[in-house]
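**Student:** Look at TrEMBL and you will find 11-58 tagged as region 'Disordered'. Residues or ranges marked as compositional bias 'Basic and acidic residues' by TrEMBL: 19-51. Residues annotated as transmembrane segment in TrEMBL: 63-85. Under the heading domain 'Late embryogenesis abundant protein LEA-2 subgroup', TrEMBL lists 119-216.
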Amino acid sequence: MADCPERCHCSSPPKMHHHDPNLYHQDGKPYHHEGKPYHPDTKPLPRRHQEPPAPSSSGTARLCVLLVGFFVLLGIIALILYLVYRPSHPHFSVTSLSILSLSNTTIPFNTISTSAQVTILIRNPNKRSSISYDSLSAFLSYRNQAITYSTQLPALAQEPGGALALSPVVGECAAIPVSYDVMEGLMTDEMYGLVGLRLVVQGRIRFHPGPFYGRWGTLYVRCDMLVAARKGFTGQVPVLGNPNCYVDP
């Protein structure tokens, strides 16, 4: 090597330090000098915001099955209660009729004055349901035309399997305007001694099946009867046959 000039220090060129990849860990930290590798902390860092776990499809299906089973059970219970406490319509019948007055006039126009006492028997066929009646009224008609005004009846309460009898006076001799055909038909029937009349009872009805309370409904009853009555006769008249009463609640 040539001699270095004065005032100059000879030095070898700086050594380049090459980073040996075998001397460093994967995270960039060097191994210890003792030859032991560096082990970083393997604990995961806590997450600040963790998403809630998604609900499993099996849990949702189980919940749907439980809800369906619950509603099916409620439907079965409601059907059983309906079959046990299902109410039936009350039975109406006319047992007797007394004519107090039955007259007609053509002056100044065709009118009929009628007054009669009717005995009505009401039976409750339900063994587990009581019945309430309200706003009841009754009137007589001939050939689908009223020949008396409506008479108000008292409110009634009927026990399960019970029977009630009413004997209201219908008409009170009030004159009712009628058509000529109705006037002539009534006079002809009185001449033969057989008069076809209809008793109409209407109002409100409510059933009480067991511990339950039903809603108020409309009651309409019509009883067709054939009575043996002649013109000018007053008093109790025979009711022929068994009058059929139809109930339309």
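Placement of Cβ uses the backbone N, Cα and C atoms for every residue, glycine included.
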**Student:** Across the domain 'Late embryogenesis abundant protein LEA-2 subgroup' (119-216), what are the DSSP residue counts per state (helix, strand, coil)?
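**Tutor:** When I sort the residues of the domain 'Late embryogenesis abundant protein LEA-2 subgroup' (119-216) into the three classes, I find 13 helix, 50 strand, 35 coil.
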**Student:** Are there residues at least six beyond either end of the transmembrane segment (63-85) with Cβ under 8 Å to its Cβ atoms? List them, or say none.
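**Tutor:** For the transmembrane segment (63-85), the list is 128-129, 209-210, 212.
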